[in-house]
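Quick notes on the structure that follows.
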Amino acid sequence: MDALQESPPSHHSLPSALPSATGGNGTVATMHNPFERPLEGIAPWNFTMLAALMGTITALSLGENFAVIVVTARFRQLRQPLNYVLVNLAAADLLVSAIGGSVSFFTNIKGYFFLGVHACVLEGFAVTYFGVVALWSLALLAFERYFVICRPLGNFRLQSKHAVLGLAVVWVFSLACTLPPVLGWSSYRPSMIGTTCEPNWYSGELHDHTFILMFFSTCFIFPLAVIFFSYGKLIQKLKKASETQRGLESTRRAEQQVTRMVVVMILAFLVCWMPYATFSIVVTACPTIHLDPLLAAVPAFFSKTATVYNPVIYIFMNKQFRDCFVQVLPCKGLKKVSATQTAGAQDTEHTASVNTQSPGNRHNIALAAGSLRFTGAVAPSPATGVVEPTMSAAGSMGAPPNKSTAPCQQQGQQQQQQGTPIPAITHVQPLLTHSESVSKICPV
């Protein structure tokens, strides 16, 4: 370690001493080795507070994201293409907490990064890598929702292979953005407070500046632009649909609720990553700036809190997932209540159905009035001419065909052969079974 201290830092090695900074009580911290002792000028209770905060965040995140993975693995109806990215988000957040959260908890208890240089590089890379995967998963989720609802490619439908390909691109692209510091383009080094490791924001070297600019562009500006574009197009689509059904209050309510949910998603993204991005740009632009180490630690803690509220916003607010989650709880009373509510929802839950017609096709966008649950397309069956619900983006399926509907289906087929148009259901209505839908479209 002495040799490490004496050797001059280079862009291929991790510097052993942090620059001097103003301490929490106004004193100036001298050059110190973050792998051997705590930063001078910071009271021990500050590290204890940070350890308690990280312990709480880590425990909540591990529990929530592990529950998401277990429930999705147990219930087949949740394993749909649009849900793949949600499971990927949970897995990335789980890894951030398991590695970054747990390491930060123990290092804050000690007051310094006692694990050594190589562990610092590994922790900095792993947390940054999995954090970027989670960040790009949010952008991919927004794009997939835009793709499913707005249908920019017409009848092209999102399938499992497309969802898996999108996730593979996210992981490979994130690796390409976070691996360079390990290979020599910039570096991972201890933070100013000395208990976590991160990209080298503080260097004035050109190669460090170029990496930070690349990282900022590809891991903040680009995904944020994808999120704004996708949700902007989605809201625009819903507003147009609402204008075509001006007399339907439920349609307007569904549109307003979806808009509010989108605003919450974007604000959550900005609250998580804007402090980190702002801090990185300020420190990179002014490497000689003196910041309080505790203040400099805030952006990193903000980014780690996303592992707690991401599952709440994107997963637990989904009614279908909540119902499945309750089924794995040990409390039998909750299971019975959930089963009753789920059965009753068939008759009480309303959707705002938006009809968009194209030659040879009719598509419906059903917005559940309680969550961002998009049911994909509702189109006439080629065999019967009957409007049947197809696989929804949330994973729900229409009820199986009923033999009692055979005469009506034959009547619908005859009407289709004669060129008689079959109306689509475009008004606000309760969710119907297959038999009820058929009886409404072609009454006997």
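Placed from the backbone N, Cα and C atoms, the Cβ positions cover glycine too.
Lifted from Swiss-Prot, the feature list:
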type     : residues      : note
TOPO_DOM : 1-46          : topological domain 'Extracellular'
REGION   : 1-20          : region 'Disordered'
COMPBIAS : 7-20          : compositional bias 'Low complexity'
CARBOHYD : Asn25         : N-linked glycosylation site
TRANSMEM : 47-71         : transmembrane segment
TOPO_DOM : 72-83         : topological domain 'Cytoplasmic'
TRANSMEM : 84-108        : transmembrane segment
TOPO_DOM : 109-123       : topological domain 'Extracellular'
DISULFID : Cys120-Cys197 : disulfide bond
TRANSMEM : 124-143       : transmembrane segment
TOPO_DOM : 144-162       : topological domain 'Cytoplasmic'
TRANSMEM : 163-186       : transmembrane segment
TOPO_DOM : 187-210       : topological domain 'Extracellular'
TRANSMEM : 211-238       : transmembrane segment
TOPO_DOM : 239-260       : topological domain 'Cytoplasmic'
TRANSMEM : 261-284       : transmembrane segment
TOPO_DOM : 285-292       : topological domain 'Extracellular'
TRANSMEM : 293-317       : transmembrane segment
TOPO_DOM : 318-444       : topological domain 'Cytoplasmic'
LIPID    : Cys331        : S-palmitoyl cysteine
REGION   : 341-360       : region 'Disordered'
REGION   : 388-420       : region 'Disordered'
COMPBIAS : 409-419       : compositional bias 'Low complexity'
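Remark: the transmembrane segment (293-317) makes no contact with the transmembrane segment (211-238), by the rule of 3 or more CB pairs under 8 A. Two recorded stretches are said to be in contact when at least 3 C-beta pairs lie under 8 angstroms, sequence spacing 6 or more; the transmembrane segment (211-238) and the transmembrane segment (124-143) meet this definition. By number of Cβ pairs under 8 Å, the transmembrane segment (47-71) is matched best by 84-108 from the list 84-108, 124-143, 163-186, 261-284. Same-chain neighbours of the topological domain 'Extracellular' (187-210): 11-15, 18-19, 21, 32, 34-35, 38-39, 42, 47, 50, 100, 103-104, 107-108, 110-113, 120-121, 123-125, 127-128, 181, 279-280, 283-284, 287-288, 291, 293-294, 296-297, 300, counting only residues six or more beyond its ends whose CB sits under 8 Å from a CB of the stretch. In the three-state DSSP assignment, the secondary structure recorded for Cys197 (disulfide bond) is strand. Within the topological domain 'Cytoplasmic' (144-162), the DSSP-based counts of helix, strand and coil residues read 10 helix, 0 strand, 9 coil.
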